[in-house]
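K.L.:
Taken from TrEMBL, the feature disulfide bond applies to CYS85-CYS120. Annotated region 'Disordered' per TrEMBL: 187-282, 477-528, in sequence order. Residues annotated as compositional bias 'Basic and acidic residues' in TrEMBL: 200-225, 496-508. The compositional bias 'Acidic residues' feature in TrEMBL is assigned to 226-238, 247-257, 264-273, 485-495. The transmembrane segment annotation in TrEMBL covers 440-462. Sequence annotations record features per position, and here TrEMBL assigns compositional bias 'Basic residues' to 519-528.
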Amino acid sequence: MPTPMAIFYESFEEDWVGRWHPSNKEGYQGFWKRAKIEGHENYGLLVSEKARKYGIATILPEAVEFKDKPVILQYELRLQNGIECGGSYLKFLRAQKDGWTPDQLDNTAPYSIMFGPDKCGATNKVHFIFQHKNPKTGSYREHHLKFPPSPPNDKLSHVFTAFVYPNNTVSIFIDEIEKKTADLLSESFDPPVLPPKTIPDPEDKKPEDWDERVKIPDPEAVKPEDWDENAPYEIEDLDATKPVGWLDDEPEEIDDPDAIKPEDWDDDEDGEWEPPKVRNPKCEDGLGCGQWMRPKKKNPAYKGKWYAPMIDNPAYKGVWKARQIPNPEYFHMEKLNLEPVVALGIEIWTMQDGILFDNILITNDEKIASIYREQWKAKYDIEKEQQKKEEAEKAARENAFVRMQNKLFKFLYDMAELPSLAPQREMLLALIEIIEENQVAVLSVIGIIVVVALYFVFRLLLNRMKSKKSTFEGSLSKAKKEDISCDDDAEDSEGSEDKGKGKEKVFEENSLADEFVATRHRRPRRET
């Protein structure tokens, strides 16, 4: 049961329908679900679908005032499937417009504080944002905590706590460890709550003759008469001579003499076939082929475009700035005036499912918050032990795979050293090296070996069964021949009795054989 000293507490142990209201605004299609927490017997509020907007809100039993007592905002969060892109924060809503109901929650709903993790792209932080009303203008503005802490990156339960004290201080805790403390009225927030006393005059304009150039081209400088701006950067090296042995009449590339026109090449559809080009082998042995041209060298007369040298600007007046005037929005306060919180909402967009909220608490008593964190700690310890167990099992599986992998490659290398495979040894060794560098290939080779082994086991069993059948049928045939020879001795009256017994035995054994063969080949009848 919730403690009487808590302003608000929600454990989701009982059905939340009627107390919490999912948003019915357009686009908020995420389905909220009361679900049991993995590995525990208690429940939480679950984000059950991926790539959805979620909204849900509840009215608090009483307004939360930020006056002479600390206000503690605390909740547990478990990212059961991890998170790559999505929010998992709470919005502590201030008074809404007349007629507003919790099922109208969307991203425009005004709040006093937004608190909790958010991760997507470069964003990975625990937000603490508050909206504050300027007493001069009556307008609200968001103020974001600078350099906020990063949330844990795992799938365990964590508890997030924000202590908002009457002395304008906020302290952020993650799992009972203080991560950040800041003054709500200081430069720790962007923008700061307190505006500057003066601002640039928006009506002040820079004079037309205001010169901000520090350096200018020397107006008295003159380009030298021998300065040739058209001289090229490079010229031919006239001292260079064609190397002895240069093959002027040989092309650098020739048709590949080994190329063969493809059999499926159709000149009408594909055009006239031309063999690919290869470097002329004659050019490999000589110094060069084709038309010889003199190499280029840097032009000693090159100077490029002429520019006048820069000198200090005698008219320089510095960087122009508008004159300062008193800020009409300026105000000063000693204590931050946060709006009372009257409702609580979760309004997020996420690409992940499995986000689970639990044990949401608002209180003025730090001891109460500590008691609930002790409950979290017991749950966290269970999850941590389970995680260690799973990691140990995973490590054991990976070690077994490594051992199997080492045996596999030892077998492959031994095979490559067989004398009968000597002509293919280099190719086999290269192939084995490629497989070693590719885990998918390793798994494929193991799979092939397993399939081949199963195939040979199956063949062995099948051959044994055929052998047994042949032996059995041979025994039956021999028995039949012996009984028939007894039949032929019909004139022997003393053997007449044995003849009847022999026929009876043969009939019985024939029936057994027929039943055995029929049983092996008969398809089982399907029951309806």
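The count begins at 1 with the first shown residue.
Keep in mind that glycine also has a Cβ here, set from the backbone N, Cα and C atoms.
Any TrEMBL annotation is an automated prediction that lacks curation.
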K.L.:
Near CYS85 (disulfide bond), how many other Cβ atoms are within 10 Å of its Cβ?
P.N.:
14
K.L.:
Who sits close to CYS120 (disulfide bond): which same-chain residues at least 6 apart have their Cβ under 8 Å from its Cβ?
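P.N.:
Listed in sequence order, they are GLU84, CYS85, GLY86, GLY87, MET351.
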K.L.:
Counting by DSSP, what is the helix, strand and coil composition of the compositional bias 'Acidic residues' (247-257)?
P.N.:
0 helix, 4 strand, 7 coil
K.L.:
So, by DSSP, how many helix, strand and coil residues make up the compositional bias 'Acidic residues' (226-238)?
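P.N.:
Reading the DSSP string over the compositional bias 'Acidic residues' (226-238) gives 0 helix, 3 strand, 10 coil.
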K.L.:
Could you put numbers on the helix, strand and coil content of the compositional bias 'Acidic residues' (264-273), residue by residue per DSSP?
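P.N.:
Residue counts in helix, strand and coil order: 4 helix, 0 strand, 6 coil.
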